[in-house]
Amino acid sequence: MMALGRAFAIVFCLIQAVSGESGNAQDGDLEDADADDHSFWCHSQLEVDGSQHLLTCAFNDSDINTANLEFQICGALLRVKCLTLNKLQDIYFIKTSEFLLIGSSNICVKLGQKNLTCKNMAINTIVKAEAPSDLKVVYRKEANDFLVTFNAPHLKKKYLKKVKHDVAYRPARGESNWTHVSLFHTRTTIPQRKLRPKAMYEIKVRSIPHNDYFKGFWSEWSPSSTFETPEPKNQGGWDPVLPSVTILSLFSVFLLVILAHVLWKKRIKPVVWPSLPDHKKTLEQLCKKPKTSLNVSFNPESFLDCQIHEVKGVEARDEVESFLPNDLPAQPEELETQGHRAAVHSANRSPETSVSPPETVRRESPLRCLARNLSTCNAPPLLSSRSPDYRDGDRNRPPVYQDLLPNSGNTNVPVPVPQPLPFQSGILIPVSQRQPISTSSVLNQEEAYVTMSSFYQNK
């Protein structure tokens, strides 16, 4: 009986000891929980399952005992005040459509009814993009590059559509540095010249929100994909491109040398090296030389090449044509009377006016045409007298106008004389050929000349 009592006493003591140890353990857990660092992080993913959003939280220290800890979010919710996150190992999450996506929420770590730590976060600023998928790399032989394509889940989303992608690739062996390419589309190209020939490469891609309202973090890397670069072309062989370029270059240089040699004097040299003009020749071209042989004579023969229009002669001709009934030549008796009057008029003039200038003859000719007939207008001008210095010794000299006199033996034969300048329409036009004049005109000229000679002899 004593043995049975001892046994009950031992069992009771053991029960008390076990119960005391268990109570002390719970109190110790509370003390340890208060002393640990409960810092955490959270991120959201929008429209992961239709209109439902996902919120995920976890502690920064993975060694924390999370047996009695829980996460709770309050504020910026649609129909509820607070929501408690579900636990999956060391991760806390909740999938719901109650997020307002406007304003900030209060996320707290709780142990029982006690809040250990809290953070104020906005769901739209902690968005984590979804990882791209279906990454493919295709080699294009014609373009000599690699085409990289992948799928981004955000293209079909309602809220988050604009994201930035980061494509990273590196050789699969022997190198740890990644080459990054940033883009906003789901396809890109990698030129073959940037890759090593006949090498295996690893490539992967990730995304991050790129929006003014929705901001957040990089997504997880997509599953890696590998591709191999081809061998270099014509390795160890003959490249026909370089010789072709060399031959074309030499031929072009040879052609340029020939053209330069042919066109040097006519085209190239005047442009590259212009010649200076001679100043003497330039001055000769600019300055006109004065004429040395100026014709200042009043001789009618000097104006044979010129057409002289006399206004008075034209007026006199018009008056003659209006007064004369016909253009019949004058009778011989009238011609003799005219010659006699001309001789008497010449004898009565003073010796000082020895020669009748052409202007006097031209001025008197229209008057004679008016007084008598047009035939008298064609008579050549004669010397009215000789020079005042005329001497007796000069009498034996032949007269100046000897050609005007007929031969002494035959006075009735026409004598060729220089054709005078006929008066026609006020223009002096020379007659190139000598024509025989009428006998009456020759007699008048001879009579006038003999009369003047007798006048000088008497004087």
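Numbers here mean position along the shown chain, with the first residue as 1.
Including glycine, each Cβ sits where the backbone N, Cα and C put it.
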If you check Swiss-Prot, which stretch out of 93-97, 218-222, 423-427 is marked motif 'WSXWS motif'?
218-222
According to Swiss-Prot, which residue among N177, N295 is annotated as N-linked glycosylation site?
N177
Among N60, N373, which is annotated N-linked glycosylation site in Swiss-Prot?
N60
Which of C42, C74 is the other half of the disulfide bond that Swiss-Prot records for C57?
C42
Which residue range, 47-55, 110-118, 272-280, 281-289, is the one Swiss-Prot calls motif 'Box 1 motif'?
272-280
Along the domain 'Fibronectin type-III' (131-232), what average pLDDT does this model show?
92
Suppose we draw a 10 Å sphere around the Cβ of C74 (disulfide bond). How many other Cβ atoms does it contain, all chains included?
15
Which one is it: of the disulfide-bonded residues C42, C57, C108, C118, whose Cα lies the shortest distance from the Cα of C82 (disulfide bond)?
C108
Mind giving me a neighbour count for C42 (disulfide bond)? Other Cβ atoms within 10 Å of its Cβ, every protein chain shown.
20
Residue from C42, C57, C118 whose C-alpha is spatially nearest that of C74 (disulfide bond), among the disulfide-bonded residues:
C118
